[in-house]
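Reviewing the structure listed below.
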Amino acid sequence: MKTKAGFVALIGKPNAGKSTLLNTLLNAHLALVSHKANATRKLMKCIVPFKDKEGYESQIIFLDTPGLHHQEKLLNQCMLSQALKAMGDAELCVFLASVHDDLKGYEEFLNLCQKPHILALSKIDTATHKQVLQKLQEYQKYSSQFLDLVPLSAKKSQNLNTLLECISKYLSPSAWLFEKDLMSDEKMRDIYKEIIRESLFDFLSDEIPYESDVMIDKFIEEERIDKVYAHIIVEKESQKKIVIGKNGVNIKRIGTNARLKMQEVGEKKVFLNLQVIAQKSWSKEEKSLQKLGYIHQRKRD
């Protein structure tokens, strides 16, 4: 069997549709999806198998990255550094741009990225044929910069095989790097954490999802059930009250929504216990971000 394998960094501005694209390619719910921008915070590896036209069985390891943005908050700096690291580690990049975005995001990407890349134009199902053609024409002035330009729709599964074919074309022949049926090397507890975060985006408005995070305190895997004990961190007591809701109605909705998604992904029953705490300025403190896994502790000599 002829095989290829390689790491591909998936880059884009917040809300370009990166996580939706990956979940569609995987036919599974692993990456956090929200209609709100900048939901993804940590890099995730998603493994997509694909047989190309030349007969190669390719293992494409996507590095799902936080959206490219510049903010002074320490958490946002950590997110940007993860995206930059992914670009450095990958042999190929895919820059995903919404058909409705201007070219500034891509121009910023060109200043940051030294790797060969494919430009993918997303959400074409939400634009007219004329609008799509116009945007493709606008990007043509950068044709010397990208390897290929692929218009696509993750929601409608349009041109996804075209994208995978383009990626496989530029990967080197190699033995597979992961087991055949593995979709991600993420631990289940980390996937569950992201599912809880997604539920926060689903049920809470305004700034609360952006000023909150989730810590898994205890995770017990049993044959027929996973037991998850977690707490939701917010910055203000007023936010804590909103997350809990009157008579606990909001936290129940968040918990039920998250638990059902966990059971779908884990393919077994899940017991979920959620608590809420207020911790002022957690997103600006290095110790808090270390505990949450956004900053790795420096090794002492």
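We number each residue from 1, going along the chain as drawn.
Every residue gets a Cβ built from N, Cα and C, even glycine.
Annotated by Swiss-Prot as region 'G4', the relevant range among 122-125, 138-141, 186-189, 206-209 is 122-125. Every protein chain considered, the tally of other Cβ atoms within 10 Å of the Cβ of Gly12 (GTP binding site) stands at 25. Counting residue by residue with DSSP, the region 'G4' (122-125) contains 2 helix, 1 strand, 1 coil. Working note on the binding-site residues Asn15, Thr65: by count of other C-beta atoms within 10 Å of each C-beta, Thr65 ranks first.
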